[in-house]
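**Student:** Checked TrEMBL, it gives:
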- 21-42: transmembrane segment (TRANSMEM)
- 54-72: transmembrane segment (TRANSMEM)
């Protein structure tokens, strides 16, 4: 008799395998597409109108194909590491506070409430805000 935990793990593993098959197909299609584009750029380079830019792209596309394969392999490795809880060491998290006075004080903006233009402008903004609030509540 299997436990519910084992059945859930089997179901998750089956779903992951099905998901991996689609990822493998995606990696193959993307890699072949990059290699085909590299071949196309190579033939453009060898043609009469080919330039160094075509050569650069012809060398660059296979690197993209290699990166797709590398990224998939890394994804699988990280996924497997996440499944295995014994591979990650358990560290006790300790919350630490920064001592007072250790960091420099941030300068604050100078408040100039004595400026008559600033008071008038703030009054105007408050009036506009009050009008907008009145419109939105009607």
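Numbers run from 1 along the shown chain.
Cβ atoms here come from the backbone N, Cα and C positions, even for glycine.
Tell me about the setting of these features in this model.
**Tutor:** Within the chain, the transmembrane segment (21-42) has long-range Cβ neighbours (under 8 A, six or more residues past its boundaries) at 54-55, 57-62, 64-65, 68-69, 72, 75.
Same-chain neighbours of the transmembrane segment (54-72): 23-24, 27, 30-32, 34-35, 37-39, 41-42, 44-45, counting only residues six or more beyond its ends whose CB sits under 8 Å from a CB of the stretch.
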